[in-house]
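Per Swiss-Prot, the features are as follows:
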type	residues	note
BINDING	N36, D78, F123, R372	ATP binding site
COMPBIAS	222-245	compositional bias 'Basic and acidic residues'
REGION	211-248	region 'Disordered'
MOTIF	697-701	motif 'TPR repeat-binding'
Amino acid sequence: MTETFAFQAEINQLMSLIINTFYSNKEIFLRDVISNASDACDKIRYQSLTDPSVLGDATRLCVRVVPDKENKTLTVEDNGIGMTKADLVNNLGTIARSGTKAFMEALEAGADMSMIGQFGVGFYSAYLVADRVTVTSKNNSDEVYVWESSAGGTFTITSAPESDMKLPARITLHLKEDQLEYLEARRLKELIKKHSEFIGYDIELMVEKTTEKEVTDEDEEEAKKADEDGEEPKVEEVTEGEEGKKKKTKKVKEVTKEYEVQNKHKPLWTRDPKDVTKEEYAAFYKAISNDWEDPPATKHFSVEGQLEFRAIMFVPKRAPFDMLEPNKKRNNIKLYVRRVFIMDNCEDLCPDWLGFVKGVVDSEDLPLNISRENLQQNKILKVIRKNIVKKCLEMFEEVAENKEDYKQFYEQFGKNIKLGIHEDTANRKKLMELLRFYSTESGEVMTTLKDYVTRMKAEQNSIYYITGDSKKKLESSPFIEQAKRRGFEVLFMTEPYDEYVMQQVKDFEDKKFACLTKEGVHFEESEEEKRQREEEKATCEKLCKTMKEVLGDKVEKVTVSERLSTSPCILVTSEFGWSAHMEQMMRNQALRDSSMAQYMMSKKTMELNPKHPIIKELRRRVEADENDKAVKDLVFLLFDTSLLTSGFQLEDPTYAERINRMIKLGLSLDEEEEEEAVEAAVAETAPAEVTAGTSSMELVD
């Protein structure tokens, strides 16, 4: 007997929306149908814990996918709990779920169709690819019933004989003509791997297997005849003589159908980390990341209590070439809810600086109506994110225990650690412990800030550092001369990110950072050193004043330096302005903010080394005649040279002319000799005069 029912208004509206609106991402229907089958298996499994008889003859729970090209149907079966007649009527038609209206509102707000399963109405996604759906189900407490609808506003319920049922539940999709691609084994395998690989039960796909079989001509003829007549092949006795004759054989192709398990990679995160081998982690990592190399670090953990989720995080061996591109969409951490795949680009699950970490998060608590639109406001997700960051930091600390392993890690992902210091204020202290730098004392091995502090001299009051292009350049920088003389270690910061890091951090373990290229650097001095410094300032006062007048607005001031010991002079920037290295970086940016650059590129201060012979001689000449023309030339030359040695860019093109004049003076050349040399050079390069009788054509030849 067949009964007809009308869909509840909201469900009818939802089905109409699904059928009449074009969605490009129709493939999600299979995910939702398999997910429902998995839920049915979960329910029967829970019941069997108290009543094992509910499983009947079932030895294991599974989900089967059967494509039928001849009838253009795709069937999904499971041996889960099944549905009664009342369940079919209520759950699939007459009682609207809370998610129905919520999902339609989300669609109107711009949500993606792929979120349908998370609103508890995933069953209806079947109508994305099918024009008719049939559900045959058998619950232990009821008979077999068939639910069927073509989404025309009504559905029917019909009783059926139990002999029709192989498994307790079967949903058959009668595919639309333009959706027959979902009958291809290759396409189905792809979708199962993408969306349902970590379902807790075997997903078996019916596939065709072609094998070659060797048969005799007589066997083939008998088989054909039996097929035509519908009779069983005759069995005849064969005498020894007949059997001894050699029969002709040939190979024929035989097509068989069999079930093939598709989700062979079981969800490792549900297992105890102690029971998972390194090889299993590596295989799992390669499956989710498409990487070919084993991960050097793994963190497998679970969080229980008010919030429950499991996760596995991996550090890849190499950084992707486009890792830090701002517009790159990252899909490194896959989000599952109760082992059902939700999304692979959940940007709010992990901060940008951890964009290189790959892994899986499976939550038991995220609501079914989670969507991209409300992920940011979801409190559960924020707690998950906080725990992921915490566990990743623990993983990095574990890697750091082995210096060689951490060296490789830092080469690949040191920039991310520095980006984290810039962005993540809550974890800045822990991230700073992961930093590594070369220094004047470390040689070819990088040092930690913690180790630096333990090596600090008793009279040292700051952590000294210098920024620049390379370690080699910084080792010979004039800025570190006095620090080296006093035995103070200086950190070399050679990456662009270091500049941004030092803008955010001011101290480490109560020791302030001091940039040796900026103003405000003071070393602890004895009373004798202080007295001597005051004398030098007084002695050089007139020289400093004269040099400031000559240089004008090129410098803010000229003072006696505390940081030089062998170089004549340097240029330093203000304490809160850009360093020379930062200024060069900003100049090279195509989209730089000119107004900001003008503000941050503060006036430079020229510092003199009063003990240097050049400065002593210059001071003597100024005191003898402050209007000496040679003094002005020397001051400009010293300034330009200081620009170069301090890491700035030359802006005055006359620098080369001044150098040439200095070379002439060194060679004791006067103006007349120079003019004669120039005239001789011009004469040598001039074309020879055309002799009489030589034609222009001959010259051309």
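Cβ atoms are placed via backbone N, Cα and C, with glycine included.
Recorded features from Swiss-Prot, shown on the structure.
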{"residue": "N36", "record": "ATP binding site", "Cβ neighbours (10 Å)": "21"}
{"residue": "D78", "record": "ATP binding site", "Cβ neighbours (10 Å)": "27"}
{"residue": "F123", "record": "ATP binding site", "Cβ neighbours (10 Å)": "20"}
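Mean per-residue pLDDT, taken over the motif 'TPR repeat-binding' (697-701), amounts to 40.
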